[in-house]
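Quick look at what Swiss-Prot annotates:
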| type | residues | note |
| --- | --- | --- |
| TOPO_DOM | 1-65 | topological domain 'Cytoplasmic' |
| TRANSMEM | 66-84 | transmembrane segment |
| TOPO_DOM | 85-90 | topological domain 'Extracellular' |
| TRANSMEM | 91-110 | transmembrane segment |
| TOPO_DOM | 111-258 | topological domain 'Cytoplasmic' |
| TRANSMEM | 259-278 | transmembrane segment |
| TOPO_DOM | 279-303 | topological domain 'Extracellular' |
| TRANSMEM | 304-321 | transmembrane segment |
| TOPO_DOM | 322-770 | topological domain 'Cytoplasmic' |
| ACT_SITE | Asp357 | active site, 4-aspartylphosphate intermediate |
| BINDING | Lys514 | ATP binding site |
| TRANSMEM | 771-794 | transmembrane segment |
| TOPO_DOM | 795-835 | topological domain 'Extracellular' |
| TRANSMEM | 836-856 | transmembrane segment |
| TOPO_DOM | 857-885 | topological domain 'Cytoplasmic' |
| TRANSMEM | 886-905 | transmembrane segment |
| TOPO_DOM | 906-922 | topological domain 'Extracellular' |
| TRANSMEM | 923-942 | transmembrane segment |
| TOPO_DOM | 943-1011 | topological domain 'Cytoplasmic' |
Amino acid sequence: MLPENLPTDPAAMTPAAVAAALRVDTKVGLSSNEVEERRQAFGINELPSEPPTPFWKLVLAQFEDTLVRILLLAATVSFAMAVVENNAADFVEPFIILLILILNATVGVWQENRAEGAIEALKSFVPKTAVVLRDGDIKTVNAEELVPGDVVEVAVGNRVPADMRVVELHSTTLRADQSILNGESVEAMKQIEAVKGRQERFPACMVYSGTAIVYGKALCVVVRTGASTEIGTIERDVREQEEVKTPLQVKLDEFGVLLSKVIGYICLVVFAVNLVRWYATHKPTKNETFFTRYIQPSVHCLKVAVALAVAAIPEGLPAVVTTCLALGTRRMAQHNALVRDLPSVETLGRCTVICSDKTGTLTTNMMSVLHAFTLKGDGSIKEYELKDSRFNIVSNSVTCEGRQVSSPLEQDGALTKLANIAVLCNDASLHHNAATVQVEKIGEATEAALLVMSEKFANIKGDSAVNAFRTLCEGKWKKNATLEFTRKRKSMSVHVTSTVTGSPASSTNNLFVKGAPEEVLRRSTHVMQDNGAVVQLSATHRKRIIEQLDKISGGANALRCIGFAFKPTKAVQHVRLNDPATFEDVESDLTFVGACGMLDPPREEVRDAIVKCRTAGIRVVVITGDRKETAEAICCKLGLLSSTADTTGLSYTGQELDAMTPAQKREAVLTAVLFSRTDPSHKMQLVQLLKDERLICAMTGDGVNDAPALKKADIGIAMGSGTEVAKSASKMVLADDNFATVVKAVQEGRAIYNNTKQFIRYLISSNIGEVVCILVTGLFGLPEALSPVQLLWVNLVTDGLPATALGFNAPDRDIMEQRPRRMEEPIVNGWLFMRYMVIGVYVGLATVGGFLWWFLRHGFSWHDLTTYTACSDMTNGTCLLLANPQTARAIALSILVVVEMLNALNALSENASLIVSRPSSNVWLLFAIFSSLSLHLIIMYVPFFAKLFNIVPLGVDPHVVQQAQPWSILTPTNFDDWKAVIVFSVPVIFLDELLKFITRRMEKAQEKKKD
């Protein structure tokens, strides 16, 4: 048998037709030879495994970043020059650069291959063994040995080993938990009848690999194995989703490319100018060798160019970005949002569309009865409303026709019977969680809601209120037998016997029935009224009941209704309860007592969260597998829809989406707020459509089926109660499954972006200052004001601490009133870059100014400084000072550090003056500035470090420095140099205040134009 011979739609075929197509006798199974032949054709029944990416490939991938490559090149050239000049101190620079690159690569490799976790989690759902019929014998085999055509037995507690067609039921019903595929907590009823013209993704006559059998026993035929199964399709979809860079990473990469080009051109210009100047000022001599004439000057000019590259590249930027994002994840964790992927923190702040699941995210995932009704003595409807959306048993939570009633069961005999039926036709239970002070359920949500309803009706006060009425009912009635729910009759019932002494013989044995109201009503011949009287069910009664059911199940209510009835019957031994075919006859001639309507209600905080989203310019789109009417009712309650009367262009089903043209789909995703009756493929399709419109999309999900869409979205958000597969495929997990948490995370993401902009502004303006310093000294042929090692120290340590502290800046008050940033919006726009340039140029000129000030103060002329390379007598004191100007460099380095600390204060706010945005608003920044200045003083006044960084302590007598021990701490006695440092540094504050003032004026002018 070949793969092309497999039935394409086994659900639409009868069991006999499926068996014939697969060439198997379901009474005997396949023979051993047939199994072997089919294994050769179809392979083994397991999800495919791909070898992990080799470690060396992961390491190489970390060096694809432009800035990293420039640093690698700078390290290589620097190392080569250190070898040529044979100076041990010169090896410090390439060593530090390589150390940075290794750390970056280590972090990158650690974060790689997130998809493999999701794929491995998928495999955990597939069972290890299966019970199979082969050669007429029942055998237990490894699940991976199954082939199409194998006849497999499944029973309660088993996980399904492959996609199979149900061919025989060995119990009254078969129920499967398919939540890993469809995300729905309601168990799926299974049948052997074919499903033709189906609209459901998972038809009732099929069971699927990885799902669990929760009730019953059946015989099935394997139709799909391995990668061909539904779970295999999900595995393939997850694997095929490529990791895409976040918007922040893209913008940082673009910034890196731009920076690298500018650096490259400037380095070439500086190298060429310095080389030309060298040859212009150095005439060849007879004793000059080729090395001293050509190689040495080239190496020197190259060294200056490399220093310029090191100055221009913000080496600390990746570490600061990572730290800022990590701080954001900590703050998000406090709001129950657990971030698995650091860059995604900022992505959420950019998001323009949030695609949210309904159940459990927008709603409480706690089914609650909101409405119930019985009939009055005059045949009119008696309505009850119940409040509180959770499982809590709230006293006095029932109103009857607008009036609060404290003991409704004492006033309504039909309601008493309804509550008894709801409790006894029930397998769920409630218990009080002392830790959370909440009532929690065990069992189906629908049945738990009925228990809560009954307890609220009984209104029994006390510590045992959570199960008080149930205990009372179970004391009055003995449950003898249960007639399980079947899809055909849409009802279930229990046979009970009264244990109350002296009860009338006619009411000793009863059949309590609950089910679909229309089915229960169809089989009813009598009705119980609120006064306890049982009367004939007239046409008028029937009409009023149907009208009431239509009222609460339709329109904006869309409640799920359940009907209740009972029937006096014989003792259990005299009733035919063994044959499911007779269940409908047993449940006939019923007495209808009433009905209730329930709903998974919206979370109270979600409506406000959606309003915040609107204010922030974020669309909320609900994508659910629930029916359209229920989903629209929830959207109305949340304010996403104004009414359910006309939802044209706002609400679509998955089937309607499939019928659209590509143009219609594009139009739909731009206007719709709801997609109902969707399956996993629709989620994938909607994410792609939104991304095609250049919208940044966040997607929530909890099931295995959601994994591909979660991975495809710009940011996938899994529910804390969801599957491990969904969590592994996502970038964020909501511990409390709450939509309002997403909105808090969006706010945090926006704050992170603003802070990222501020520390990039700080770092880049500082780097521009360093570039200007190197550029000016290089172009004018001045001695080196700053060495590469000093630049690395400033970029990584001195600047790194304040830049990181800027991540603690408080968010702007109007942060959630701003529109989302466009995908193409750069981190740094034109005017902002101009501001960086102005500040950076001042930083550079101030550094060079301080450097020149020292020389000019000590009798050097401009000519001496610009022709210092012509010094040939290195025993001359002037030449020695020009070749190694340690004091001037110490002043230049000090000015650079102090001016950058003051510039960090400027970065507290992009546009607000320091008078408004005071330094005290970020104590971490003040601590960072203090730490950076302390570190600078340590490298200056501890001789060991001063020698390492090739500077001298300012204001300390040279003789004291010469006699000092390497680890002693020196103290300045002359502060003239430090006064100069302050004079050159402080103006940066006033310059930035002027630029902020101009920016505020420009923004006001733009606002006036808009008005």
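Placement of Cβ uses the backbone N, Cα and C atoms for every residue, glycine included.
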Exercise. Output, ordered by sequence, the same-chain residues six or more apart from Lys514 (ATP binding site) with a CB under 8 Å from its CB, or 'none'.
Key: Ile421, Ala422, Cys425, Leu450, Ser491, Met492, Ser493, Val520, Ile562, Gly563, Phe564, Ala565
Exercise. Six or more residues out from either end of the transmembrane segment (771-794), which same-chain residues have a Cβ under 8 Å from its Cβ atoms?
Key: 78, 89, 92-93, 96-97, 263, 266, 270, 273-274, 277, 281, 304-308, 310-312, 315, 840-841, 843-845, 847-848, 851-852, 865-869, 882-883, 885, 888-889, 892-893, 896-897, 900, 939, 948-951
Practice problem: State the non-local partners of the transmembrane segment (66-84) in its own chain: residues 6+ outside its ends, Cβ under 8 Å from one of its Cβ atoms. | Solution: 90-91, 93-94, 97-98, 100-101, 104, 253, 256-257, 259-260, 263, 295, 299, 302-303, 306, 309-310, 313-315, 317-318, 788
Practice problem: Note down the number of other Cβ atoms within 10 Å of the Cβ of Asp357 (active site, 4-aspartylphosphate intermediate), including every protein chain shown. | Solution: 27
Practice problem: State the residues, same chain only, that lie 6 or more residues beyond the ends of the transmembrane segment (836-856) and have a CB under 8 A from a CB inside it; answer 'none' if no residue qualifies. | Solution: 761, 764-773, 775-777, 782, 785-786, 828, 864-865, 885, 887-889, 891-892, 894-896, 899-900, 903, 906, 977, 980-981, 984-985, 987-988, 991-992, 995
Quiz item: Mind checking which residues reach the transmembrane segment (259-278)? Cβ under 8 Å, same chain, six or more beyond either end.
Solution: 66-67, 69-70, 297-298, 300-302, 304-306, 308-309, 312-313, 771, 774-775, 778-779, 781, 869
Quiz item: Which residue counts does DSSP give the topological domain 'Extracellular' (279-303) for helix, strand and coil?
Solution: 17 helix, 0 strand, 8 coil
Quiz item: What is the number of residues in the topological domain 'Extracellular' (795-835) that are helix, strand and coil, as DSSP sees it?
Solution: 22 helix, 0 strand, 19 coil
Quiz item: In the topological domain 'Extracellular' (906-922), how many residues does DSSP put in helix, strand and coil?
Solution: 4 helix, 0 strand, 13 coil
Self-check item: Secondary structure tally of the topological domain 'Cytoplasmic' (1-65) (DSSP, helix then strand then coil)
Solution: 31 helix, 1 strand, 33 coil
Quiz prompt | Positions on the same chain near the topological domain 'Extracellular' (906-922), where near means CB under 8 A and six or more residues out | solution = 754, 757-759, 761-762, 802, 805-806, 808-810, 832, 839, 988-989, 992-993, 996-997, 999-1000, 1003
